[in-house]
Amino acid sequence: MKNAQKLLVPVLETLGVRGYVAPARWAARAAEEVATVDNTHRAPGGVIDVPSRLLMGPGPANAHPRILAAQCLPLLGHMHPPFLKIMDDLSEGLRYTFQTKSKYTLMVSGTGHAGMEAAIANLVEPGDKVVVGNAGIWGERVGVLARRYQADVVEIKVPAGQTFSYEALKQTLTEHKPAVLFLCQGESSTGTHQSLAGLGELCRQTGTLLLVDTVCSLGGVPLFADQWGVDCIYSGSQKCLSGPPGASPFFMSERAMEKLQRRKTPPATYNLDMNLIGDYWGWFGKRSYHHTAPVSTFYAMREALALVAEEGLEAMWARHQELHHRLWDGLRGLGLKPFVEKDEDRLITVNTIKVPEGVDWAALVKNAMDTYSLEIAGGLGPTAGKIWRVGIMGFNAKPQNVDLVLDAFKDGLKRQGKL
Ligand SMILES: Cc1ncc(COP(=O)(O)O)c(C=O)c1O
């Protein structure tokens with residue numbers, strides 16, 4: 001105020017205007033002009049320094065170099081025809097990866113959690129009954145999320161390391177006839193593989209939509225969305241698909257879409273409303289702006305799905321299976337045991353290993369990182385402190401990586417006098 005007054009008054013006086021007081025708006029502008037930059041908090045300059053690590057935990061896995069390179073391509077506008085073509089390629093690549101003919105496939109802009117929230121927000125109307133299979137932290141989290149969208153959640157639980165039997169699920173579905181049944185195909189906190197056999201058929205009998213989390217399993221283990229009658233799937237880019245985090249492969253069946261279109265109220269999220277996002281992806285014929293797609297991440301995923309197509313799903317599944325056996329042959333040789341008791345319940349992409357009595361699990365993890373620049377992880381949620389988790393996913397699913405993990409276990413156990 002004072003500054004403006006000081007500057008303006010002499011000028012105005014020469015023009016014969018006396019006793020002028022600067023209006024408040026001008027005074028505020030003058031105050032802005034004298035503000036100075038505060039340098040206390042400032043990003044460090046210089047080139048980013050990222051150490052090289054082999055990521056053999058539950059994810060992210062290392063990205064394939066071809067996928068990383070795709071991210072360096074020049075940006076396109078998010079509505080430019082060549083970019084819309086890349087989005088079409090993504091939808092088509094996802095149809096193959098999910099094994100579906102459904103029109104409704106896309107990449108949600110965000111990580112697996114965004115896919116999870118999109119699924120719940122679009123499939124669930126307030127008051128809908130949702131049966132949530134809790135076999136670890138991902139089921140637990142979906143229960144929390146569904147309650148936030150006002151679902152009437154019925155949680156069913158198995159002890160960590162076990163899966164739901166067909167009979168138990170049949171009984172629950174018959175009793176509750178829920179709008180949605182949630183199951184996690186690859187429960188990464190416990191290392192279990194939930195079988196989906198026959199469930200699509202059961203869900204059709206009770207008017208239920210079958211929703212499946214495949215964040216840690218897509219591309220690593222068999223999945224047949226149409227043949228198995230799955231209605232909605234979300235997944236992750238940074239696990240068996242070898243991409244960077246930030247895109248969530250997503251699928252809806254015709255039944256799921258019908259439910260979305262029958263809703264009395266729109267989904268409570270604008271960001272993840274599949275009616276609106278579907279419009280951007282051309283699901284309904286036209287294409288309109290909803291948000292700016294993460295252009296470079298979508299280039300990366302275009303490349304990731306090209307790699308899936310080039311290798312072929314059967315070959316990918318077989319590669320993951322083979323390396324799972326290689327890992328366990330070695331681990332058993334070191335006297336280590338699987339956390340998941342039954343062979344058929346064991347997830348091959350995230351392997352969970354019991355920490356033997358008297359072994360410091362964290363010291364072994366630290367030694368792997370310090371000595372081998374190798375990430376293996378401890379447990380999470382119900383398994384914290386009880387297990388190690390070793391991921392064999394995507395680009396990292398190679399014999400030499402598994403052998404390095406085995407060397408790190410051998411060395412880690414030796415250093416603790418356990419071998
Ligand atoms: C089975 C499962 N579901 C969901 C998620 C969440 O994915 P994101 O961390 O990409 O949001 C994860 C992450 O590891 C996961 O393992």
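Yeah, the Cβs are placed from backbone N, Cα and C, and that goes for glycine too.
Now, the feature entries from TrEMBL:
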{"type": "BINDING", "residues": "Arg389", "note": "substrate binding site"}
{"type": "DOMAIN", "residues": "78-379", "note": "domain 'Aminotransferase class V'"}
{"type": "MOD_RES", "residues": "Lys239", "note": "N6-(pyridoxal phosphate)lysine"}
How many Å separate the Cα atoms of the residue listed as 'substrate binding site' and Lys239 (N6-(pyridoxal phosphate)lysine)? 14
What three-state secondary structure does DSSP assign to Arg389 (substrate binding site)? strand
List nothing but the one residue from Lys239, Arg389 whose Cβ has the fewest other Cβ atoms within 10 Å; the candidates are the recorded positions. Arg389
Restricting to the domain 'Aminotransferase class V' (78-379), what is the model's mean pLDDT? 98
